[in-house]
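Feature annotations, reproduced from Swiss-Prot:
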- 39-72: coiled coil (COILED)
- 61-168: region 'Disordered' (REGION)
- SER77: phosphoserine (MOD_RES)
- 95-425: region 'Interaction with Nef' (REGION)
- 102-115: compositional bias 'Low complexity' (COMPBIAS)
- 209-270: coiled coil (COILED)
- SER297: phosphoserine (MOD_RES)
- 311-551: coiled coil (COILED)
- SER416: phosphoserine (MOD_RES)
- SER455: phosphoserine (MOD_RES)
- 465-523: region 'Ubiquitin-binding domain (UBD)' (REGION)
- 537-543: motif 'Nuclear localization signal' (MOTIF)
- TYR565: phosphotyrosine (MOD_RES)
- ARG584: asymmetric dimethylarginine (MOD_RES)
- ARG612: omega-N-methylarginine (MOD_RES)
- ARG612: asymmetric dimethylarginine (MOD_RES)
- 613-647: region 'Disordered' (REGION)
- SER638: phosphoserine (MOD_RES)
Amino acid sequence: MEGRGPYRIYDPGGSTPLGEVSAAFERLVEENTRLKGKMQGIKMLGELLEESQMEASRLRQKAEELVKDSELSPPTSAPSLVSFDDLAELTGQDTKVQVHPATSTAATTTATATTGNSMEKPEPASKSPSNGASSDFEVVPTEEQNSPETGSHPTNMMDLGPPPPEDSNLKLHLQRLETTLSVCAEEPDHSQLFTHLGRMALEFNRLASKVHKNEQRTSILQTLCEQLRQENEALKAKLDKGLEQRDLAAERLREENTELKKLLMNSSCKEGLCGQPSSPKPEGAGKKGVAGQQQASVMASKVPEAGAFGAAEKKVKLLEQQRMELLEVNKQWDQHFRSMKQQYEQKITELRQKLVDLQKQVTELEAEREQKQRDFDRKLLLAKSKIEMEETDKEQLTAEAKELRQKVRYLQDQLSPLTRQREYQEKEIQRLNKALEEALSIQASPSSPPAAFGSPEGVGGHLRKQELVTQNELLKQQVKIFEEDFQRERSDRERMNEEKEELKKQVEKLQAQVTLTNAQLKTLKEEEKAKEALKQQKRKAKASGERYHMEPHPEHVCGAYPYAYPPMPAMVPHHAYKDWSQIRYPPPPVPMEHPPPHPNSRLFHLPEYTWRPPCAGIRNQSSQVMDPPPDRPAEPESADNDCDGPQ
């Protein structure tokens, strides 16, 4: 647009193209959606942590109830233990249910949702309290603990380390981004906008990498939570199986006890019935024998009862130790969970603040984009109005040029009979000059001797002489008239030539104006095409991202145009034909009327003369001139040819 015409549109948005601004805006929108997704992930992680805490508390209550049940259960009698062993032999299963630490620490495996596969056998002697920032603690596995006496040696443990210490880095990146945005907003020089946008892109890239790392960490934690949940379900199933086996064993022991009681009652009844027919001595002997048998059976049952009691005490001690370890692990997990909860709450607040700031930036950018769009629409309306004005001016100039061409042809048609009349008058003057020369030669010839008075020859000569004198006077008067006509015709022709030159100059000026308006119209059309292409690109970008509803601007809001239009020549009506009323020509042989000039012409006001061309061909030419075929607007070359035509 620069250097091509006076119509340069001022762009208040600087030299930044609209495509790059829209691309940066789309990047900001995508970053905003990504941050929203991350916020939702963090919320889901908090919900998972709450669920794991509830599950841990529930499992803790179940473990405490199991410990209470194991403490309150009384030791069984010797025959019941013997029958318990017999039941084991009958069923072929291990009825000695050992509630090892894996069952009691099921809560810890589900509660450690943020630690992953960190599993280790309990080490009660070497327990270090958690400091709230580390997430490593021991969990008793179910696969590697075969017996409670096989030592608690450490196994594979995956330490995730402290929670991500990248909050400070994120804060620094966000502070840098805020500083770059503030500098970009306060920067008066718009040429530095690309450098600021590059810095902003670098900061966004760094933030994206940090957030990607956090996403990876959260995904790892989610997978670990899922694994721990599965382990928790497996431990629950094992615990339920152990409880069912214990209930079945207790039921079988009760049944054996009732059967033994029945057998004892039957045996005592049989002994009583057998001892009745005998004497009292054998009865006393039988009683003594029964008492001895009972004492022997009691002494025999005391030995396995003492062994079972020792095993039960060992089990109780082991369960107590596991309960203490479980309480300690639960305390550590509580501390760690609280610290993690505080950290994630702090992160959530920071991310909410960042989201609010980014939303503010997005709204500001949206407002700027709307303002630029309005300015662009105003410029388009201004350019369209200017194009319409130029087109109207061009139409007026073409109409005026057409009128001037008609005027030139009309004057040409009027000039042709005048030239013919001039030729006729010149021939007549030549003839009269010849006749005058002959008359003068006759006068200058020597006169004959005077004849006698009254002779017929003298009278005829005298009459001839008088006729020649009168004819000479008449010829002199005609010559004067012809000279006057010739002088008038010459002055009229000179005046017509001057007017013709003036008309040529006016036609040249109008042609220059037409060429200038054509060039300006061409440049404006090119600008409009470029703006239409930009609009199409913008619409495509809007279709891929968010839609923008443009406000209509029907009115012309811009002020006066700062650049001046090229000066239009003052079209003053010519009054050069007012003196033509004094010219009196002799009547031509063929009187014909000529059509008057165009009545709507605002350039010339011709006097109402009755032009009478001598021939009929002129009428045909004038009719062709007055009704020309509609042609396209005159180009500079055709206008020059029209001007050079009437010579």
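Just so it is clear, glycine is given a Cβ too, placed from its N, Cα and C backbone atoms.
When Cβ atoms from all protein chains are considered, those within 10 Å of SER416 (phosphoserine) total 16, not counting its own. Beyond the ends of the motif 'Nuclear localization signal' (537-543), by six or more residues, the same chain brings 18-19, 22-23, 26 to within a C-beta distance below 8 angstroms of the stretch. Looking just at the region 'Interaction with Nef' (95-425), the mean pLDDT is 71.
In this structure, SER416 (phosphoserine) is part of a helix by DSSP. Here the region 'Ubiquitin-binding domain (UBD)' (465-523) is broken down by DSSP into helix, strand and coil counts: 59 helix, 0 strand, 0 coil. In terms of DSSP helix, strand and coil, the motif 'Nuclear localization signal' (537-543) has 7 helix, 0 strand, 0 coil.
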